[in-house]
Amino acid sequence: MSGHDPQSTIVALSSAPGRAGVAVLRVSGPRVRFALETTAGIIPPPRLATLRVLRDAEGQVIDRGLVLFFPGPTSFTGEDIVEFHIHGSRAVLAALLRHLTALPGLRLAEAGEFTRRAFEAGKLDLAAVEGLADLIDSETEWQRRQALRQMDGALGVLAGQWRTQLLEAMTLLAAEIDFSDEGDVEGPLHDEAMRIAASVLGSLRRALGSFAMGERVREGFVVVLAGPPNAGKSSLLNALARRDVAIVSPVAGTTRDALEVRLDLDGLPVILIDTAGLRESLDPIEVEGVRRARALLERADLVLSLRGIDSEPYRTAEEVPQIPVATKADLGGTVLPGERAISVKNGEGLPELLAAIGEYLRGLGQGEPALLTRERHRIAVADAIAALERATKSVGAPSELLAEDIRLAVMALERLVGRIGVEDVLDHLFAGFCIGK
Ligand SMILES: Nc1nc2c(c(=O)[nH]1)N(C=O)[C@@H](CNc1ccc(C(=O)N[C@@H](CCC(=O)O)C(=O)O)cc1)CN2
Ligand SMILES: Nc1nc2c(ncn2[C@@H]2O[C@H](COP(=O)(O)OP(=O)(O)OP(=O)(O)O)[C@@H](O)[C@H]2O)c(=O)[nH]1
Ligand SMILES: [Mg+2]
C-alpha cells in the first residue's frame, strides 16, 4: 500500500467488472472539479444525477451517462467525489478510464483506497471499516445484519462508552493521589473508581461472550458429515448443495479428500464438509483421508453422524455436538432413539434435518447480532479484561497501581477502535477490499 497520498486524485471502477446494465466509475480527490469540467463540460449541482455527454480530451464522445457530484468535506471520503454512471460495456469503461487516468494528477486507485481516505478523514473508525469490508463480503442474511451493525459504528460507540468511564475512573484516582497524605488508607474516590472499573469489566465480559457467534457468522459455521464408509455422506452433501459436488458410489472408501460447500441455511452461513468414511484401513491414501476427517471433527461446530439404516453405527470418540442420522430410510430398517431418518432417494427427513441444524446453530448465539467478530477484537477486549481483572482483584492496592491497570485497559480499547497501532491492521484490511471501494 502506498499509504496516505492526498494530493493525488484516484479513479476506479466501483461496480463489478464485465458486461452489465450500468457501470459506476468513481473519482475522489482535489482534481475532481477539473476532471468534471473536461469530461462533462460542467460541475453539476451536488448530489443530483445529471445526464451529460462524456467526452475525451480531443472532444470525441465516449458515452452519454449520469454524472453525480459529491462535494467534500461531507462526501464519503471527505474529498470531492464524482461518479460516472455509464453503460456497462467493457469498451466504454476502458475508454473513460483511459481518458481520466491520462489527466494530470489522476491515477488508478488501489484496493480499498476510497475507504482508506474515508478513514483518514475520520468518517469511519476502524471497526466501521471492518464492518464495511464484511458487508461487501456478506452472502447471507445474518452476515448482512452483523456487518451493517458494525458498519454503523455500534462497536465504536460501545468502546467509546467504556473508554469514557475508565477515563473518569482515572480522573478520580488522580484526585485521590493528589489529596491523600503518605500512608493514608485509600478513600471514597478510590472506591468509586473501583466500582466503575468493575462495571466496565462486566460489560466487557458480556461483549466477549458474543465473540464465538460473531466469528462463526463472519466465517461460516463448520458442519461436518461423518460416519462409516458407504453411509451416504457424499450423497447427503450433494442433496443439500443441490449440486453434483462429490463422487458417490457403492464402493466403500470412495471419498478421501474433504470436500466443502457453502450453504445459506435460512440466513446462516454454513460450511458443510464431506469426509472420508471412518474405518481402519491398510491403504495409506485412505488412512490419510481418515486422519483428515478426524482433524475436521475437532474443529466442527456440529457433526452430522451418519449410518446406513441397515448398518451398525460407528462411534466416534470425539466429544463434539452431534446430530445422529440414519440414512437410506427408503430401504426400511430400525431408527434408533435420538436418530433422524433421512433418504436422499425420496427426500424424506431432509427439510427437518436442515431445520434441526439451523435451530442448533442459532441457539449458539443470544439473538441480537454480535459486536466482536474478529480475532483482533477478541484480543483487544481480552487485554482490557485482563488489565481490569488485575485492577479489581487487588483490593487495597495503592491508587497509582490501580490507575496504571486502568490506563492499560484504555490503551487496549484504543487499539480496538483504531486510535492507536492501526497501520499493520489497515494495510491487511484494505488489501482485502475490492478496487473501487
Ligand atoms: N451510487 C452510489 N451508491 C452507493 C454508494 C455510493 O458511493 N455511490 N455507497 C457507498 O458506499 C453506498 C451508500 N453510501 C453513501 C454514503 C454517503 C453518501 C452521501 O451522499 N453523503 C453525502 C453527505 C451526507 C451527509 O453528510 O449527511 C455527501 O456525499 O455529500 C451517499 C451514499 C451504497 N450506494
Ligand atoms: N437407497 C438409497 N441409497 C443411498 C442413499 N444415500 C446413499 N445411497 C447409496 O449408498 C451408496 C454410498 O453412498 P455415498 O454417498 O457414496 O456414501 P459415503 O458415505 O460418501 O461413502 P464413502 O465416501 O465411501 O465414505 C451409494 O451407492 C448411494 O447411491 C439413500 O438415501 N437411499
Ligand atoms: Mg463419500
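Any Cβ shown, glycine's included, is placed from N, Cα and C.
Marked as (6S)-5-formyl-5,6,7,8-tetrahydrofolate binding site by TrEMBL: R26, E83, K123, K437. Secondary structure at K437 ((6S)-5-formyl-5,6,7,8-tetrahydrofolate binding site), as computed by DSSP, is coil. All protein chains considered, the CB of K437 ((6S)-5-formyl-5,6,7,8-tetrahydrofolate binding site) has 19 other CB atoms within 10 Å.
For 220-362, the entry in TrEMBL reads domain 'TrmE-type G'. Over the domain 'TrmE-type G' (220-362) the predicted model carries a mean pLDDT of 95.
DSSP assigns T254 (K(+) binding site) to coil, not to a helix or a strand. T254 (K(+) binding site) has a Cβ environment of 16 other Cβ atoms inside 10 Å. Per TrEMBL, K(+) binding site is recorded for N230, S249, V251, T254.
Annotated GTP binding site per TrEMBL: 230-235, 249-255, 274-277, in sequence order. Applying an 8 A CB threshold to same-chain residues 6 or more apart, the list for S249 (K(+) binding site) is empty.
According to its DSSP assignment, S234 (Mg(2+) binding site) is helical. The Mg(2+) binding site annotation in TrEMBL covers S234, T255.
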Original post:
How many whole Å apart are the CA atoms of K123 ((6S)-5-formyl-5,6,7,8-tetrahydrofolate binding site) and S234 (Mg(2+) binding site)?
Top reply: 48
**OP:** Taking only the Cα atoms, work out how far A252 (GTP binding site) lies from R26 ((6S)-5-formyl-5,6,7,8-tetrahydrofolate binding site), in Å, as a whole number.
**Re:** 56
**OP:** Sort S249 (K(+) binding site) into helix, strand or coil using the DSSP assignment.
**Re:** coil
**OP:** Translate the DSSP assignment of R26 ((6S)-5-formyl-5,6,7,8-tetrahydrofolate binding site) into the three-state scheme.
**Re:** strand
Original post:
What number of additional C-beta atoms lies within 10 angstroms of the C-beta atom of E83 ((6S)-5-formyl-5,6,7,8-tetrahydrofolate binding site)?
Top reply: 19
Subject >> Rounded inter-Cα distance in Å - N230 (K(+) binding site), R26 ((6S)-5-formyl-5,6,7,8-tetrahydrofolate binding site) >> reply: 54
Subject >> Residue with minimal Cβ packing [other Cβ atoms within 10 Å] among the binding-site residues R26, K123, K233 >> reply: K123
